[in-house]
Amino acid sequence: MQIDSDLQNNLDTLKKTLGQNDDMMFYTFAFGDSRQKACLLYIDGLTENKMLAQYVISPLQKEALAHKECSIEDLSAFFFGFHHSVVSTMKEIEQLVFSGQAILLADGYRGGLAFDTKSVATRSLDEPSSEVVERGPKIGFIEKLRTNTALLRERTSDPNLVIKEMTLGKRTKKKIAVAYIQDIAPDYVVKEVFKRLKSVNIDNLPESGTLEQLIEDEPFSIFPTILSTERPDRVESSLLEGRVSILVDGTPFALIVPATVDEFIHSPDDYSQRWIPMSLVRLLRYSSILITIYLPGLYISLVSFHTGLLPTRMAISIAGSRLNVPFPPFVEAFIMIFTIELIREAGLRLPKPIGQTIGLIGGVVIGQAAVQAQIVSALMVIVVSVTALASFTVPSYAYNFPLRIIRIGVMISATALGMYGVIMVYLFVIGHLMRLKSFGQDYIIPIMAQPGQDLKDTVIRIPTMFLKRRPTRNDPEDNIRQR
Amino acid sequence: MRKSEHKLTFMQTLIMISSTLIGAGVLTLPRSAAETGSPSGWLMILLQGVIFIIIVLLFLPFLQKNSGKTLFKLNSIVAGKFIGFLLNLYICLYFIGIVCFQARILGEVVGFFLLKNTPMAVVVFIFLAVAIYHVGGGVYSIAKVYAYIFPITLIIFMMLLMFSFRLFQLDFIRPVFEGGYQSFFSLFPKTLLYFSGFEIIFYLVPFMRDPKQVKKAVALGIATSTLFYSITLLIVIGCMTVAEAKTVTWPTISLIHALEVPGIFIERFDLFLQLTWTAQQFACMLGSFKGAHIGLTEIFHLKNKNNAWLLTAMLAATFFITMYPKDLNDVFYYGTLLGYAFLIVITIPFFVWFLSWIQKKIGRGQLQ
């Protein structure tokens, strides 16, 4: 329906459709010599009233408008320098008003003006709580898209940084932004990202996690194939490696595609600290992943199948500690691992100070008591605790889940088939990982299959001065980092 | 617009060739070589390695010139529908035979050393089922699996051989050519079978990023495995004498079994050997399995590369064939038959090349 030139008519129709909302404001005033009537429509709270008064109402009232009939485009000239657009139908008004814009309708004009006066309450920039680094910028993304893109621009003043915006969500119309560096990111990845984003057809995107699940390659795999981060510096370094980042309005978590397994294991401060300690830390992390997955399974298979392979004295001491335990090793291990998962989940939801108490209760009281009550052996408590500790060293929370799931799988197959079961689970997982793709690129590339220069930044990281090329696994257009 | 490229690098091809050669042989080669009583098997392996490299270099130019097609495709183009079908079927059956042989050997070893009470059918079925999952993933991901497993195998294996070096006595392998040339050359058919595996290059060439490097990759791949086998044989025979190696079923495991290095957390190392060997055996079998899969897809003209029916049928067939032999002696007998089949398989590219040459002479050639 077109906007009528009679203001009262317009307001009547609008009040019929929008008037049921109590936060909808119809502010009527008069302007010009002829005291023409005008009305401002806005949502209280979404729009900054001060801005309306200062930039919309007062310039209008200062002008002496002589003749009554002029077009809405002429009126628009009064607000030079203030972002606004012309609207001509009722439907447009409805859409714009709910997205936070203020609409000006004036008597005698066939059309209205929409002012971008949106102001949303946000929190201030803060240190990201989910990704703590020892050294590096203490700033994280917030819930406002515009601030997040500005943070990216501020860090990367490369003119080739492209930030493309689009709206997703049939009903809620969430803004999302796709960021990439034009002459680094391979165009087939960028195209693929846009293709998948366009295929999303959902009413609401509450968080980037929802979007992640809609556009990922392998929804049925336990491994995440998209990286999410709160840190602008991490997004920046990923963009410079030729990746694409997707930011969603309303969440501080940005998505980074394509992702490789290594990305989940590396942390941004691997690069800001010196290379020798950080290489050792990386080795520690990679071995802790092996421990997380295999230690309980190996223990179970050694104790219940291959006791002959242990050194004699060790076998005797294990047998001694298991003497009064009534359960088979699998049940024993499962009880402890289940308890640890309980403690972890309980500690996660509680406020921080209580969360720590839970850990203490769980670790000391249950562990100690379980051993004394001879439900589990002391050695099993050690094995499970080391396993849990090792799993905490993985920097990415999302990457923790697959490791914990595989661990249970290894335990079950170790109970059934001993060492052979463990190695078969290993081969199966390897096969699965090798099949995974993330946006057309490999999810994991074994060391021997990579070109030599990529090895500089994998399990170890060599000095920064030798990192002259970008890693080829992301297939960058321009691969020179340093000359 | 560029595209992401999922093709094999030079290194991956090399590893794939080399790794498919190293499988059951690690455990049984010393016994086969010891049967003739000559301690110079390691020299024979080196000699045969050179011979096979020469054979491969002879037929590779043909595959390289038609680098867009697998041998299965070439067969049906050059030899016509019917003969091509027979050739392809033969290659596929050979590949399946290899798969079953490797799986059975694994079942025997696991049953003997790791799981004494578990029925072998369970062990073998899990092994084949996991392999079928890999086979569904395509050549590129299989090549990555190889690249993951092979370096670990090499490192752990070489470490174990180094540990056992203190049992090594030079006298056990001397004199070279003991028993005269006749005894030496009687080794020839015994160790020939351990070179089966490089025929996966029949289907590998089209998957390479740069088919020009295929000769180098295959030659170096065979050379690596030859060296590996030769060192294994040298050390195992040098540690336990020909007479002893002849009497035990799995000489390599027995050797590592006897090894005790006190002072380290785990004193015995046969566990490491069995774990890495299981993984290596798996990788070794995977290449042939994929070969059979590609061949059968070609034979049945399947559009879908991952036809679920074909994969299930292959799993069932390999499982039943694997469980067919009654005991280990039976298995080794079929192994010998596979050895002859292997010799026939490597003549196929020559045969097809010859046919296409004739066709070109009479002006009907469709290939380069």
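Every residue gets a Cβ built from N, Cα and C, even glycine.
Annotated features, as they stand in Swiss-Prot:
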- A:289-309: transmembrane segment (TRANSMEM)
- A:323-343: transmembrane segment (TRANSMEM)
- A:353-373: transmembrane segment (TRANSMEM)
- A:375-395: transmembrane segment (TRANSMEM)
- A:410-430: transmembrane segment (TRANSMEM)
Problem - the transmembrane segment (A:353-373) versus listed stretches A:289-309, A:323-343, A:410-430: most Cβ pairs under 8 Å - result: A:323-343
Exercise for the section: Give me the stretch from A:289-309, A:323-343, A:410-430 with the greatest number of Cβ pairs under 8 Å to the transmembrane segment (A:375-395). Expected result: A:323-343
Fill in the blank from the handout: Beyond a gap of at least 6 residues from its ends, the CB atoms lying under 8 Å from the transmembrane segment (A:289-309) belong to 265, 315, 318-319, 322, 328-330, 333, 337, 379-380, 383-384, 386-387, 390-391, 394, 403-404, 406-407, 410-411, 413-415, 418-419, 421-422, 425-426
Completion exercise
Per the Cβ under 8 Å criterion, with at least 6 residues separating them from its ends, the transmembrane segment (A:323-343) contacts 296, 299-300, 303-304, 358-359, 362-363, 366, 370, 374-377, 380-381, 383-385, 387-388, 404, 407-408, 411-412, 414-415
